[in-house]
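What Swiss-Prot records for His436 is active site, and it gives similarity to another entry as the kind of evidence. The cholesterol binding site annotation in Swiss-Prot covers His117 and rests on similarity to another entry. Positions annotated as acyl-CoA binding site by Swiss-Prot: Asn391, Arg394, Asn397, His401, Tyr409, Ser432. Swiss-Prot lists Cys279 with the feature ubiquitin cross-link, giving similarity to another entry as the kind of evidence. Taken from Swiss-Prot, the feature cysteine sulfenic acid (-SOH) applies to Cys279, supported by similarity to another entry. Taken from Swiss-Prot, the feature region 'Disordered' covers 1-31. Per Swiss-Prot, the feature motif 'FYXDWWN motif' maps to 379-385; the stated evidence is similarity to another entry. Summarising the annotation, Swiss-Prot assigns topological domain 'Cytoplasmic' to 1-118, 187-198, 255-295, 372-419, 467-472 and lists a curator's inference as the type of evidence. Positions annotated as topological domain 'Lumenal' by Swiss-Prot, on the basis of a curator's inference: 141-160, 223-230, 329-345, 445-450, 505-524. Positions annotated as transmembrane segment by Swiss-Prot: 119-140, 161-186, 199-222, 231-254, 296-328, 346-371, 420-444, 451-466, 473-504.
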Amino acid sequence: MEPKAPQLRRRERQGEEQENGACGEGNTRTHRAPDLVQWTRHMEAVKTQCLEQAQRELAELMDRAIWEAVQAYPKQDRPLPSTASDSTRKTQELHPGKRKVFITRKSLLDELMGVQHFRTIYHMFIAGLCVLIISTLAIDFIDEGRLMLEFDLLLFSFGQLPLALMMWVPMFLSTLLLPYQTLRLWARPRSGGAWTLGASLGCVLLAAHAAVLCVLPVHVSVKHELPPASRCVLVFEQVRFLMKSYSFLRETVPGIFCVRGGKGICTPSFSSYLYFLFCPTLIYRETYPRTPSIRWNYVAKNFAQALGCLLYACFILGRLCVPVFANMSREPFSTRALLLSILHATGPGIFMLLLIFFAFLHCWLNAFAEMLRFGDRMFYRDWWNSTSFSNYYRTWNVVVHDWLYSYVYQDGLWLLGRQGRGAAMLGVFLVSALVHEYIFCFVLGFFYPVMLILFLVVGGLLNFTMNDRHTGPAWNILMWTFLFLGQGIQVSLYCQEWYARRHCPLPQPTFWELVTPRSWSCHP
């Protein structure tokens, strides 16, 4: 019995220690709980940052590795695994600069939609559309006693759409047949005068192609006074066809003219060119990475989202812009009114920018990519995280940036040498600014170089001053501030000019009256 006494005493002491420990733990648990929550949140944030950084670095590493492999492979004495034509291989040998490499990858927003926090932001935008619809119904019910949505602005913008779609057919046929036939004529064996005659005929076909694309849309839109949205269809297809046909010839013609010995060369297949005209890229390749199947529910979802963005934009213009700017030209001009109108337009302007980005660069391009099983969905990158305008211009629209980089910047370096980097970059800005201004002039029906000045002058200065050396959240805030102000200036000035030309029409305007802003002198 005696040996059990020490054991009993030890058990009693252990019980007391456990009770004291439990009491102490209960006292400290309430103090440690907030620290544990904060520490958990901190670790989750660190984990998210590490994963995002690792994903970006891995993607860049893989892109670089694939590009280096593609560049190094033709130098070996082995045939390419793809069925690339002789002209494509000759082009790669002639221009050893960095070429666009297509790989299978998702769009960034599709990846971010898998994160619940980002999906909530998407839901907030949908809730904003619902609020606009409710407010429109409430205002119409209070003012006019009816509960019905009117889409007058939408119907006006898309007026005469069938005519615009009819004009698309000859534009498409011209792009489909004439450049490809020109390439076939130039690829014939160079023997005697037959090749010279064929080459001359090819130049005539290209001139006819350029005339159809440049003259027909302008003539139809001016003669029939097409509204803005119908003009958008024509001008975007006009620019797209010109850029695609140029890329097709630019990628194939150099290899053809470098063939020696008077031999002919195998031209790309017609099916590859036809696929290129519809796939969402402006860089021609004979083959692209393809997905295994088509998700038709994904296609329908993207088209529905694009339609929702269109309705969203109409509600924003109808509720936030039209009431403000419709009668502004009837009032005397003042700097105060102009400044207030610009600041008022910053909100609608940035909303329009985001809607255009999401509707076109994400929904529309992804829908066509899915229908055509086009694998490379990197139509944009994380431009919203940019801390410099140079990075913003590179990541906002990757589709157009790739074309400008390949055929304006790199060709400029090839012609001017490495010392001409500044001139090549200036050429990129000049081409982009002129095309943007042409699109605005075509759609709105008047010349008002707001976009030209903002893009070429202000954007060019910001590109060279706010470069990639600047990092940190302050620079991102500054970039967004300039975006807000720039969008406010565009929306305000273009809306004022639109209504001024309707309030103060000129019966027989001269050339200078056509190019002079009417909002500067219209005060009926």
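Counting starts with 1 at the first residue shown.
Each residue, glycine too, has its Cβ placed from N, Cα and C.
Under DSSP, Asn391 (acyl-CoA binding site) is assigned to a helix (H, G or I) in the three-state scheme. Using a 10 Å radius centred on the Cβ of the residue listed as 'active site' and all shown protein chains, the other Cβ atoms total 17. Sequence-distant contacts of the topological domain 'Lumenal' (223-230), counting only residues of its own chain at least 6 positions beyond either end whose CB sits under 8 Å from a CB of the stretch, comprise 156-161, 163-164, 443-445. Neighbouring residues of the recorded acyl-CoA site, listed in sequence order and excluding Asn391, Arg394, Asn397, His401, Tyr409, Ser432, comprise Tyr393, Thr395, Trp396, Val398, Val400, Leu404, Tyr405, Val428 (Cβ within 8 Å of the Cβ centroid).
A simple way to gauge crowding: the CB of the residue listed as 'cholesterol binding site' has 8 other CB atoms within 10 angstroms, across all the protein chains here. For the transmembrane segment (451-466), the neighbouring stretch richest in Cβ pairs under 8 Å, chosen from 199-222, 296-328, 473-504, is 473-504. Distance from the CA of His436 (active site) to the CA of His401 (acyl-CoA binding site) is 13 Å. Between the transmembrane segment (161-186) and the transmembrane segment (420-444), fewer than three CB pairs separated by 6 or more residues in sequence fall under 8 Å, so the two stretches do not touch.
The topological domain 'Lumenal' (329-345) scores a mean pLDDT of 83 in the predicted structure. When the Cα atoms are compared, the residue listed as 'cholesterol binding site' and Asn397 (acyl-CoA binding site) turn out to be 25 Å apart. With respect to Cys279 (ubiquitin cross-link), the closest of these binding-site residues in Cα terms is Asn397, chosen from Asn391, Arg394, Asn397, Tyr409. Long-range contacts of the topological domain 'Lumenal' (141-160) within its own chain (CB-CB distance under 8 A, at least 6 residues past either end) are made by residues 133, 224, 226-230, 310-311, 314, 317-318, 322. Cα distances from His436 (active site) to the binding-site residues Asn391, Asn397, Tyr409 are smallest for Asn397. Same-chain residues lying 6+ beyond the ends of the transmembrane segment (199-222) with a Cβ under 8 Å from its Cβ atoms: 163-164, 167, 170-171, 174-175, 178-179, 181-183, 185-186, 230-231, 234-235, 237-238, 241-242, 245, 442, 445. Listed in sequence order, the residues of the same chain lying 6 or more apart from Arg394 (acyl-CoA binding site) and placing their CB within less than 8 Å of its CB are Arg381, His401.
In the structure as shown, the Cβ atom of the residue listed as 'ubiquitin cross-link' sits within 10 Å of 22 other Cβ atoms.
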